[in-house]
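Peer 1: Take a look at this one; I'll ask things after.
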Amino acid sequence: MENCYCIEPQWPADELLMKYQYISDFFIALAYFSIPLELIYFVKKSAVFPYRWVLVQFGAFIVLCGATHLINLWTFTMHSRTVAVVMTTAKVLTAVVSCATALMLVHIIPDLLSVKTRELFLKNKAAELDREMGLIRTQEETGRHVRMLTHEIRSTLDRHTILKTTLVELGRTLALEECALWMPTRTGLELQLSYTLHQQNPVGYTVPINLPVISQVFSSNRALKISPNSPVASLRPRAGRYVAGEVVAVRVPLLHLSNFQINDWPELSTKRYALMVLMLPSDSARQWRVHELELVEVVADQVAVALSHAAILEESMRARDLLMEQNVALDLARREAETAIRARNDFLAVMNHEMRTPMHAIIALSSLLQETELTPEQRLMVETILKSSNLLATLINDVLDLSRLEDGSLQLDIGTFNLHAVFKEVLNLIKPVTLVKKLSLTLHLGPDLPVFAVGDEKRLMQAILNVVGNAVKFSKEGSISISAIVAKSETFREIRVPDFHPVPSDSHFYLRVQVKDTGSGISPQDIPKLFTKFAQTTVGPRNSGGSGLGLAICKRFVNLMEGHIWLESEGLGKGCTATFIVKLGIADQSNESKLPYTSKIHENSIHTSFPGLKVLVMDDNGVSRSVTKGLLVHLGCEVTTAGSIEEFLRVVSQEHKVVFMDICTPGVDGYELAIRIREKFAKCHERPFMVVLTGNSDKVTKESCLRAGMDGLILKPVSIDKMRSVLSELIERRVLFETS
């Protein structure tokens, strides 16, 4: 120890160490006691911490450790046995708690590690969700741009505006330096620059369609990046540019329109595409992003649809213009046809009036001659003249009827009539001819055939007369039979005609008329010709002539009455059967009671004269006036004539019982004249009967006469029998009027 140079401390070494141990144990105990307090505080603040009981163990362990260090302060000096026992107890408890805590950590540490793993997993999930949210936001942004671009593209149906709007909106949305659209030429061998973003009229730029870059783009439905030096991308100036921006190209399908053809579009027999090229700004680090490429692809599809709609609209407008031109041409043709029809009708009306006037003279004078004493040869000549005149008058009527049937102006005059009387009247008219030709004529009316019917009596009689007259015309010998029955449903099944569909009902019935003859027959190939105008067939002898207008008019009358007509013949020389079915209404009792007594009048007036009956005749045609006067004088009438309106108004008086007037008299309207006569004779029984004697057979004339208050209408020509019948009916009405 003599050679040791150690410095003696101020306090002894044992005391210094003890002091440090005192201080250390105190602070260790303080720390141990504060840590459980902090744990208790944070556990109370945390509502989701799952290991509360573990913290209790840690707290107990730490408190015991602190208590051990605190008790240890009294063990450095002399201490009692109690302190040693307390110290030992604390250390034992600390050992037990620390071992239990250590054992529990074996189970807790894996859970804590899994918590860390879950934390990392959640962080990864959060990062993935952030990426998905970013993608969703990008998609929403892309969708918004697509909707905006689609709205702009669909705002018009002009294809030039569509394409220009597409380039402008894409350039604005994607901040493009240039955007161009290359369209295929009509030959399909080249692409022509049609629209650009900055050039107004890009013309003269064409590239072959078989370039590799074009083939690559056309073979894919995606937007592809292409070289900025590609021929389809060489549109922007390169002066002062160091790095060209990225370029993408996408195909635009030109949809196939099989029913349309646009003049300046390529032939679309094969699948064709246009090419849209989009260029990013030069000298920038910007690159195409995925959502931008998707936007370009969607816009290309929308442009294709919009172009197809525009093409359809253009063709529709072109078709509309063509249709309007055709309508104008059709309207012009219709007006020309109507003008021609009016001219024809006017011509026929004039010819009708002018032909009936001389026919009136011929028939009237011939009928007067018939009632005089003539030699057989003279009577035969007069009868021949009268028959020929009646035939000519019938032909005139047929021509007018056919004209009105063809232009649709002829309508049925529906009324209640005696159906049996119609057939008896036909029999009476045809019988004289059959007697001359020595033909047997029979009539059979079905037991269920109603006596009265509703329909057009005149047209039905005309149809029957035409068919029967045709049978008489082509029969030199043998017989003719007429049968009329109510058509049954079984009969309808035998008739298979496309435009004839009879419908049974309680309000109407179908009349079936059949005329059989043993005449010259008809060749089967000639049957369809018989219903045409002035048909010439091999029917009968050559001097019999054609079928004229009779069957043609008859067919049209039958069609008007919702019926059907057909002919049957086994061949030449084997006769013929003509059958037609027409629709007639069923008459009720009230309509039957209102039927006129025409048949009675005709029966009682066959040889009646009218001595002393004062009649006034007004006609501007001297021949017609004289002929009418001759007929009336022959019937015993006292006749006064007038050749002008002034003369007529001057001589007409209450003494005149009947007035015959021609409504076509020049100087004043005949209808106006009738009104003036009605005004002149205030009392109805003082006014003479007013009868129109005219050559106009149209329906308008008849309706005008009824409106003007005329009492009758007679069509020229007029025979003596017809005049006698008219006067008898007028006198019968006057008697009925005076006795009522």
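Every residue, even glycine, has its Cβ placed from backbone N, Cα and C.
Okay, these came from Swiss-Prot:
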- 23-43: transmembrane segment (TRANSMEM)
- 54-74: transmembrane segment (TRANSMEM)
- Cys65, His69: Cu cation binding site (BINDING)
- 92-112: transmembrane segment (TRANSMEM)
- 158-307: domain 'GAF' (DOMAIN)
- 350-588: domain 'Histidine kinase' (DOMAIN)
- His353: phosphohistidine (MOD_RES)
- 614-731: domain 'Response regulatory' (DOMAIN)
- Asp662: 4-aspartylphosphate (MOD_RES)
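If you look at the structure here, what lies around each of the features I listed?
Peer 2: If you look at the transmembrane segment (23-43), the same-chain residues 6 or more away from its ends with a CB under 8 A from one of its CBs are 49, 52, 55, 58-59, 62-63, 65-67, 69-70, 72-73.
If you look at the transmembrane segment (54-74), the same-chain residues 6 or more away from its ends with a CB under 8 A from one of its CBs are 21-22, 25-26, 28-33, 35-36, 39-40, 43, 83, 86-87, 90-91, 93-94, 97-98, 100-101, 104, 108.
Reduced to three states, the DSSP call for Cys65 (Cu cation binding site) is helix.
Mean pLDDT of the predicted structure over the domain 'Response regulatory' (614-731): 80.
There are 22 other Cβ atoms within 10 Å of the Cβ belonging to Asp662 (4-aspartylphosphate).
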Peer 1: His69 (Cu cation binding site) to Asp662 (4-aspartylphosphate): how many Å between their Cα atoms?
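Peer 2: Answer for this pair: 155 Å between alpha carbons.
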Peer 1: How many Å separate the Cα atoms of Cys65 (Cu cation binding site) and Asp662 (4-aspartylphosphate)?
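Peer 2: The Cα atom of Cys65 (Cu cation binding site) is 150 Å away from the Cα atom of Asp662 (4-aspartylphosphate).
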Peer 1: Within 10 angstroms of the C-beta of Cys65 (Cu cation binding site), what count of other C-beta atoms is obtained when all protein chains are considered?
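Peer 2: Cβ-Cβ neighbours of Cys65 (Cu cation binding site) within 10 Å number 21.
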